[in-house]
Amino acid sequence: MARGKAKEEGSWKKFIWNSEKKEFLGRTGGSWFKILLFYVIFYGCLAGIFIGTIQVMLLTISEFKPTYQDRVAPPGLTQIPQIQKTEISFRPNDPKSYEAYVLNIVRFLEKYKDSAQRDDMIFEDCGDVPSEPKERGDFNHERGERKVCRFKLEWLGNCSGLNDETYGYKEGKPCIIIKLNRVLGFKPKPPKNESLETYPVMKYNPNVLPVQCTGKRDEDKDKIGNVEYFGLGNSPGFPLQYYPYYGKLLQPKYLQPLLAVQFTNLTMDTEIRIECKAYGENIGYSEKDRFQGRFDVKIEVKS
């Protein structure tokens, strides 16, 4: 039994290193060199094919604009202040109850101050009335960064914070700021005049994407009271000269046009559901995404 064990150990040692044939693990030095050379060339070719494929793919991709945008959803509509559960509840005589809402609006509007838009190399005046979309060339680096339209806070009227630092909350007349989320290259298409006949409050303007805020439910419609809109040219919507958006690389300081909405006589001590909706030929709505083209917010002014 001891001999068998010794013989077995000897065969293993001989397999690892055979001094007679000069073999290591059953192969000579030349054989090991050839097989290693084969695998180096084989995996080198695989790596080359992979890198080449990636390079070819990168040549078809622009860093400024996606090649395919056919599945990009229409832009969402959001409001400031941005709050959890989209509920605004406060007492006009209690500053602490609306302090968070006011601070949220103040912080958002910081970049819209005149002092932040003075650089003429970045910003330009695009008029005080709505006009057509402002094309700024192809989506590439040939012309460098593109200029951005200025947006004046004074256009937001009572909701600008210039005359009322509480944005109406102190008087029980809350303001919300509405913006259309950025989508690269998106150009809004306002609805046709005849499609607005069922919305008498909305006036047709071919250069404005209109927005309307109404009561969400039938019982809310009589409680929402008067609604005032403040925007560029006193238009209740988004002017088209701020579109299309060219992205962070070409327009790092881009300012979205804003629309301010003030509710001046909401029914007190009542939770009112309000829906704000943008109207356009290329604005869509989805039951799965309640912010796509619209949003709803609950507002309660307590006595």
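Every residue, even glycine, has its Cβ placed from backbone N, Cα and C.
As annotated by Swiss-Prot, topological domain 'Cytoplasmic' applies to 1-34. Taken from Swiss-Prot, the feature transmembrane segment covers 35-62. Under the heading phosphotyrosine, Swiss-Prot lists TYR101. Residues or ranges marked as N-linked glycosylation site in Swiss-Prot: ASN158, ASN193, ASN265. Sequence annotations record features per position, and here Swiss-Prot assigns region 'immunoglobulin-like' to 191-303.
Long-range neighbours of the transmembrane segment (35-62) within the same chain, counting only residues 6 or more positions beyond its ends whose Cβ lies under 8 Å from a Cβ of the stretch, are 27, 139-140. Within the region 'immunoglobulin-like' (191-303), the DSSP-based counts of helix, strand and coil residues read 18 helix, 38 strand, 57 coil. Each of the glycosylation sites ASN158, ASN265 was scored by the number of other CB atoms within 10 Å of its CB, and the largest score is that of ASN158. Within the set of glycosylation sites ASN158, ASN193, ASN265, the entry lying nearest in space to TYR101 (phosphotyrosine) is ASN158 (CA atoms). TYR101 (phosphotyrosine) falls within a helical segment according to DSSP. Residues within less than 8 Å, Cβ to Cβ, of ASN193 (N-linked glycosylation site) and separated from it by at least 6 positions along the same chain comprise TYR204.
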